[in-house]
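The block underneath contains the structure these notes are about, expressed in structure tokens.
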Amino acid sequence: MTLFTTLLVLIFERLFKLGEHWQLDHRLEAFFRRVKHFSLGRTLGMTIIAMGVTFLLLRALQGVLFNVPTLLVWLLIGLLCIGAGKVRLHYHAYLTAASRNDSHARATMAGELTMIHGVPAGCDEREYLRELQNALLWINFRFYLAPLFWLIVGGTWGPVTLMGYAFLRAWQYWLARYQTPHHRLQSGIDAVLHVLDWVPVRLAGVVYALIGHGEKALPAWFASLGDFHTSQYQVLTRLAQFSLAREPHVDKVETPKAAVSMAKKTSFVVVVVIALLTIYGALV
């Protein structure tokens, strides 16, 4: 079920998910606007409710019509939670603006892509493009690699854990876009995701190390296994940058393309691993 769902979701996401319509983040915005108080307890409570509703839905559909409705729910939740249709539009808009030397449009789209972690003030063009690469790699992790990890971890209840992670991701993006840094801090969302991302970041990091320059990346990856304080964003992007060391860092079009190309390779490796685990009976 996991492999079948993953393949179909990735195919549908690539063909049809070109905007916000099939994005959980967009569907939850109306609900998030009603939240007036921010705390860690509220963040966890909302997430548990989302997971609980998903669990009850799957439980109610068990055994109905040869589990066809269950399969459809797996696909629907996977399509809502995996992939970043709107972000992909922002990325292509950035490339168009950069190729036309439209500095205003380019800066606007880069701002959308780097919304969560931002770009250091006063950085030069090379540093700016490296941070843009990092943002694209992180988007690939947040919208593809990490959701797939939680879908797998959940086993037969994969959509439940996937929904929980995607809900937290949507909550963080909404807070970053519409609320103050203080409200985001009060919500505790960054701390929760720091914990949840620890394992999937290390798994993604070892893939980056193996497909890139392992002689530099692998020692850094082993060092990260004992690091519980550095942000997961920094851990992942530092490992990825070892693999991107020989790629261009001065071309405003080719630099982000190099990051996206490597992110696609990593996603492909993950799908292959899922297929092998399914073949050998480790996944359902």
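Cβ atoms here come from the backbone N, Cα and C positions, even for glycine.
Note that the structure is predicted; figures quoted are calculated from it, not measured.
Judged by membrane topology as recorded in Swiss-Prot, Val35 sits across the membrane from Asp251. Looking at 68-84, 195-211, 268-284, the range that has the most CB pairs within less than 8 A of the transmembrane segment (44-60) turns out to be 68-84. Same-chain residues lying 6+ beyond the ends of the topological domain 'Periplasmic' (1-43) with a Cβ under 8 Å from its Cβ atoms: 71, 74-75, 78-86, 88-89, 148, 151-152, 156, 158, 166-171, 173-175, 178-179, 183-184, 186-189, 191-192, 267, 271, 274-275, 278, 283-284. Across the topological domain 'Cytoplasmic' (212-267), the prediction's mean pLDDT works out to 82.
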